[in-house]
Amino acid sequence: APRSVDWREKGYVTPVKDQGQCGSCWAFSTTGALEGQHFRTKGKLVSLSEQNLVDCSRPEGNQGCNGGLMDQAFQYVQDNGGIDSEESYPYTAKDDEDCRYKAEYNAANDTGFVDIPQGHERALMKAVASVGPVSVAIDAGHSSFQFYQSGIYYEPDCSSEDLDHGVLVVGYGFEGGKKYWIVKNSWGEKWGDKGYIYMAKDRKNHCGIATAASYPLV
């Protein structure tokens with residue numbers, strides 16, 4: 001795998017979004033991975049609907065604004081035969097509506113998902129290099145994460161098991177001798193480094209970045 005990769009430069013990544021006061025990070029991680037794979041196969045970058053996932057993937061085990069898993073959302077897209085565009089099914093940051101999916105606005109699909117071997121940063125690196133942006137879950141429960149602004153994030157108290165936030169790895173690189181993952185968050189562009197965080201890479205699966213990583217098959 002190359003020493004550095006940044007899928008933003010290749011057109012795979014939509015602008016940073018904002019989940020608001022709703023525990024729907026899992027939906028944003030899911031759409032991010034699907035947007036990348038749709039671009040890889042179709043050559044078009046289309047923003048996909050998180051609200052579609054929030055409202056409609058309860059049968060797969062997701063809980064709207066109270067949390068969910070990216071794999072269950074990938075499963076929903078497969079079960080449902082697609083996901084609507086952001087434009088046709090806009091985000092409300094609420095989960096009190098019934099499913100409003102409409103097949104005519106279907107903008108992407110998947111045929112399942114691949115889980116990266118648990119805790120293997122090298123396998124994650126290979127996947128990011130060959131496939132594109134990958135969904136990951138991390139421990140984001142520290143104030144150092146909430147208030148991150150720049151630099152390579154390393155939190156001594158970070159857990160590799162207690163994961164509470166779904167995000168998207170869009171690449172990796174190094175600065176001096178320090179390696180990092182390029183991570184797209186869903187807290188708006190004002191958070192972090194223009195909405196992104198650069199997280200320590202190859203430091204014993206820091207914050208669990210490779211503990212629950214996956215991507216959709218398209």
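Note that Cβ sites are derived from N, Cα and C of the backbone, with glycine treated the same way.
Keep in mind that what you see is a predicted model, and the values were worked out from it rather than measured.
A disulfide bond in Swiss-Prot ties Cys65 to one cysteine from Cys22, Cys25, Cys99, and that cysteine is Cys22. Closest by Cα distance to Asp164 (Zn(2+) 7 binding site), from the recorded positions Glu9, Cys65, Cys99, Asp115, is Cys65. It is Cys56 that, of the disulfide-bonded residues Cys22, Cys56, Cys65, Cys99, has its Cβ surrounded by the most other Cβ atoms within 10 Å. The Cβ of Glu50 (Zn(2+) 2 binding site) lies under 8 Å from the Cβ of Lys17, Gln19, Ser24, Ala27, Phe28, Thr30, Thr31, Glu86, Tyr91, each of which sits 6+ residues away along the same chain.
Distances between the Cα of Glu97 (Zn(2+) 4 binding site) and those of the recorded positions Glu9, Cys25, Cys56, Asp71, Asp139 are shortest for Cys56.
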